[in-house]
Amino acid sequence: MATSNEAGSVLNRVPPLLTDLYQMAYAYWRAGRHNEPAVFELFFRDNPFGGGFSLFAGLSDCLLFLQNFSFSDDDVQYLRSVLPADTDAGFFSYLKELDCSCVSVSAVPEGSVVFARVPLLEVSGPLAVVQLLETSLLCLVNYASLVCSNAARFRLAAGPRRRLMEMGLRRAQGPDGGLTASRYTYIGGFDLTSNALAGRLYGIPVAGTMAHSYITSFSSLEEVWPQTLKPCGGGDSIDFICLVKGLLGRVCQLLGSKTNLIREGELAAFLSYAIAYPQNFLPVIDSYSVRCSGLLCFCAVALALFELQYRPLGVRLDSGDLCRQSLDVRRVFRECSKHFSVPQFESLIIVGTNSISEQSLSELNKKDNEIDVVGVGTHLVTCTRQPSLGCVYKLVEVRGRPRMKLSEDPEKSTLPGRKAVYRLLDADGHPQMDVLCLCDEAAPAAGVELQCFSLLGNSTLQCSITPAQVSSLRTQVFSCGQITLPLNSASESRERAQISLQMLNPYHKRLQEPHNYTVALSERLHSLVSDIKKGNSKGSNFLLSN
């Protein structure tokens, strides 16, 4: 279940004024249409990153936003100052009383695998109110789903064994972008974050290493203070510097390395850090030279920690050929483990970071390497391959009548009417097809052949399918101003995402040239679309948009 920290984070970031000014719905109110019952759908048109799927995220934030939607007196006063001077004063009184008590929402569960053209949210209620919600809901879903999907692709590229750490806060588009990224990359499959606030708010495991600046700030062993460390089990303090210097000589002798190439400042930094964090010692070892200094200093300090009954964690590599260096580091770990009779030494963690992208992670996975944890920042949180998911929020029904946008760009046409969404599964539980039906149609049945029309770009193709299993994809999550289901925590949504991805066929999960997943229309919905296009449907409408 979501924590109070998560709820507070959303409420502080997403007030009702987080919307486009043109959404203020004054014209609806002026025409007396503001209370007409209406239905909108939120969906995206194309799967992101050239892939075969997306993950739906942002639902919890949307529901918290809806539950607390109301304009303050200060909000209304500000709107008075920016709307035209001749705006009817009654409209501002209307805004003061506005809330979502008459709004209902059905949604796909957060963390679910979803596909293009499938309505993720159905929002129904008074026309002016549900129109006012458009920008905020899009803002909450677009980036969350995009970065969550990006994280899932990184997870697929990395494979199940390797741990992934999100460390993109300093590269993100502002603090809110960084916080959102930390949460939704965790849901998408990352294991850790470097973002301390995200750890506090969302319960995400937090990890970190050492900055290069910490190492380069030292130049001499004389700067190390304190110079002693007590054994983990208690007892008198040990001269840690003396212990490490003795071990460093033995390490260099074992490996045939030259002691005169070791950077004293790097050794001093490692000593100081180990004394401060004896249970979490994981330094970056490439500030100068991995082979000639960083790795040697680490081994000496780590062996000293083991001798005092502490358990160092490992090292981080942040430049150069990560695969080759990781193999060299692991070889040295094994030699030290055997020579110094410290079995745990050979299994110390190796973290790799260095502007990791999905492509470089896939390439890394094809080569021999000993990297246990990969840290990803820029390419993850900024979604460099695609900056936006492109979710849209479109009117599909007013006063019980279907509405359809007919566009000069066929890709921007919408599907009319209130719908139910079903996922058809094969005998192994793999999704085969998502079918959109009108809400008053009977649900597809397992073992019964279904005639439908698959969406192929801007056209449709008649097809038939006999599903082994059928599941309804959406459930009601908001009604009468209240959230109707417990909100999932980040870890609960993450678990759903993992299960949902495991169920997906491998050929839909391929990072390159995946098979297209079929989304189809029922026969009745297809007929409605055809009738409206021909102008034959009662109450049909034609909205042209460039």
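Every residue, even glycine, has its Cβ placed from backbone N, Cα and C.
As annotated by Swiss-Prot, nicotinate binding site applies to TYR22, THR209, ARG316. Residues near THR209 (nicotinate binding site) in space but far in sequence (CB under 8 A, at least 6 apart, same chain), listed by position: LEU282, PRO283, VAL284, ARG316, VAL351.
Taken from Swiss-Prot, the feature phosphohistidine covers HIS212, and the record attributes it to similarity to another entry. Secondary structure at HIS212 (phosphohistidine), taken from DSSP and collapsed to helix, strand or coil, is helix.
In the three-state DSSP classification, THR378 (5-phospho-alpha-D-ribose 1-diphosphate binding site) falls within a helix. Positions annotated as 5-phospho-alpha-D-ribose 1-diphosphate binding site by Swiss-Prot: THR378.
Among TYR22, THR209, ARG316, the residues given in the record as binding nicotinate, the maximal Cα to Cα distance rounds to 50 Å.
By the criterion of other Cβ atoms within 10 Å of the residue's own Cβ, the least surrounded of the recorded positions TYR22, HIS212, ARG316, THR378 is TYR22.
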